[in-house]
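Peer 1: Shown below is the structure under consideration.
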Number of protein chains: 2
Amino acid sequence: MKPSKGLLMVISGPSGAGKGTVCKELNKNNEFWISVSATTRSPRLGELNEINYYFLTKDEFKQRIKNKDFLEYAEVYGNYYGTPKSKVEEMLNKGIDVILEIDIQGALKVKECYPEGVFIFILPPSMGELKKRIINRKSETPESFMTRFKSAYKEINYVSKYNYAVVNDVVENAVNKIKSIIVAEKCRVDRIKDSILDSKEGLIHEQFYD
Amino acid sequence: MKPSKGLLMVISGPSGAGKGTVCKELNKNNEFWISVSATTRSPRLGELNEINYYFLTKDEFKQRIKNKDFLEYAEVYGNYYGTPKSKVEEMLNKGIDVILEIDIQGALKVKECYPEGVFIFILPPSMGELKKRIINRKSETPESFMTRFKSAYKEINYVSKYNYAVVNDVVENAVNKIKSIIVAEKCRVDRIKDSILDSKEGLIHEQFYD
């Protein structure tokens, strides 16, 4: 069969579901390419250009928006954040699987321009566990905890826009499920039909006449 | 999440692709229920009722056709063969995953009445290998070999009606891919959306007020 394009896997979910931890564990053997976002905010201590973010000026960012070089972007508190398209496409064309770890709004925008992506929603094992994780993450005030929790609760409704939902009860289990999803997606007839039928045509003459 | 129905996995493919071997290896730990077909032909030496087939009289078979108790059936050289529906549905309702190992015509009929099934097409690694397997299977005459080979070659076109295609190069690899497909299908949002949203609703009151 012909070498095929890489898969674009979009890993997303509500705040507190643990998508960052899952992505890190998923790629511990560097089997995938994890997309690096672009931003106009200043680097924090220890953050490196091209590793943590592509740090751009606002003019550079706006020029890239004009050039349609973002799969998605958003303005948050006066700074821009976005997913550069050219690098993602370069990797996919090389046959390398790409992971985007991204929030729900971003994921839905990516889906508009890249519907053949694999959209995976990471779920907390229960709302109780989500509550604990939000509390543990930051020293939240009761008000800000309630805002984050309600927001995460609402975000779970977006699961219906995704292809897969994976409960992050134990990170290793969640990662194994995502690995299975990747194997399965590579067997999907929608993706590989043409190469199956091509390779069949290429072989028939040889087989009838040798 | 609510306990869910079992998956109906339909494993099919051209003659010589090795679907029988794959199914046997897939179920070596008895994790699944492999459907037993019904037939009106006489038992061969060593064949047991309810193990190899449900052996029925023609009248019994025709009555079951009338009662719509077959997912699919066909008449081959004067004998009927079919997949009994009630037992399959009983297992699925208990949450047990069911495997149907079935020919392509049968699989397409099952798809009409059970589109939510998982349809997996087993492919030979190459037409050359398919040729070898057909030759090795029986002492074929050149004419009957050619008929079987051409038929298998044509059948590969039906891959486009299936959800997944798995190349049976090494049985263990093919089985691992099918196991991944099963894991992935159980994470598909189409299948589990309702139970995710139900369990979320059930938890919210407790979480806000404890």
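Backbone N, Cα and C define each Cβ position, glycine as well.
Unlike curated entries, TrEMBL annotations are predicted automatically.
Summarising the annotation, TrEMBL assigns ATP binding site to A:G13, A:P14, A:S15, A:G16, A:A17, A:G18, A:K19, A:G20. The domain 'Guanylate kinase-like' annotation in TrEMBL covers A:6-183.
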Peer 1: Looking at Cβ-Cβ distances, which residues of the chain lie under 8 angstroms from A:G18 (ATP binding site) while being 6 or more apart from it?
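Peer 2: Looking at Cβ-Cβ distances below 8 Å from A:G18 (ATP binding site), excluding near sequence neighbours, one finds A:I122, A:P124, A:R133, A:N168, A:V171, A:A174.
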Peer 1: Within 10 Å of the Cβ of A:G20 (ATP binding site), how many other Cβ atoms can you find? Include all protein chains, please.
Peer 2: 11
Peer 1: Other than its own, how many Cβ atoms are within 10 Å of the Cβ belonging to A:A17 (ATP binding site)?
Peer 2: 26
Peer 1: From the centroid of the CB atoms of A:G13, A:P14, A:S15, A:G16, A:A17, A:G18, A:K19, A:G20, the recorded ATP site, which same-chain residues not already listed sit within 8 A by their CB, in sequence order?
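Peer 2: What remains near the Cβ centre is A:I122, A:P124, A:R133, A:A152, A:N168.
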Peer 1: Among the binding-site residues listed here, A:G13, A:P14, A:G16, whose Cβ has the fewest other Cβ atoms inside 10 Å?
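Peer 2: Checked A:G13, A:P14, A:G16; of these binding-site residues, fewest Cβ neighbours within 10 Å: A:G16.
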